[in-house]
Amino acid sequence: VSVKVLGALEDGGLVERDPRLIFVPGHGDVVQALELGVPTMQPGEISFFLAAFPYAYGCPGSREPDVPPEASLLFEVTLLEVRDGPDPQPLLPAVRLRLGSQRRERGNFHFARGDFAAALRSYRLSLRALDGPTTAPPGPEEEEELREQRGKCLNNCAATEVKLGRAEEALAACEAALRISPDNGRALLRRGQLLAEQGRDAEAALVLKRALELDPASKVIHTELSRLAKRQSSLSST
């Protein structure tokens, strides 16, 4: 959908002005007030949505726009256009990369605010964009960038699954990242940590030693390996 949006605080201070905001409802690209309200509108309609803070910028607020914590907002929204979204269509590799990057960045926004469910949704949408059909085979540079973006997104999925307390899903995301790039240091480290948490110490040690080969100066990896060694020493002495 394409909408014209004005957003104001209760004291009348204007914090948002976008003459043509384009988003896909349900993809988590905008605040909940717009996600829920705009699909009820008809093209050309003007609506006002008074959004309590959970449906605006949440408890933390936002610096850009300058919204204080737990602020309610009044949105004036004009629905300009409705059209089919890009996902089902074969697109140029460059467009896939742009969509994937935009959705991953949106996931990072949600992650930083502690909304991990929304972050995971955005990361999965990013992967769907990156893995979708293309109108032409990607060139070598585009293929490398697609692979790199997938790896970043899967690492982000793993970090988010950890925050949500889903260790198996986090481990699966790490392994998917390593299938794309076996030398992905972040995925190796997190996989080693997750294996260690499950008590799979021998597997964890192998993974962490490989991560250390790639980053010998990493204090985090040294600490993890030291912790494993102490645990093994303690077990062998009992």
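Quick reminder: no glycine exception, Cβ is built from N, Cα and C everywhere.
Per TrEMBL, the feature domain 'PPIase FKBP-type' maps to 1-83. What TrEMBL lists as repeat 'TPR' is 185-218.
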Residue distribution over DSSP helix, strand and coil in the domain 'PPIase FKBP-type' (1-83): 12 helix, 34 strand, 37 coil
Secondary structure composition of the repeat 'TPR' (185-218) [DSSP: H/G/I, E/B, coil]: 27 helix, 0 strand, 7 coil
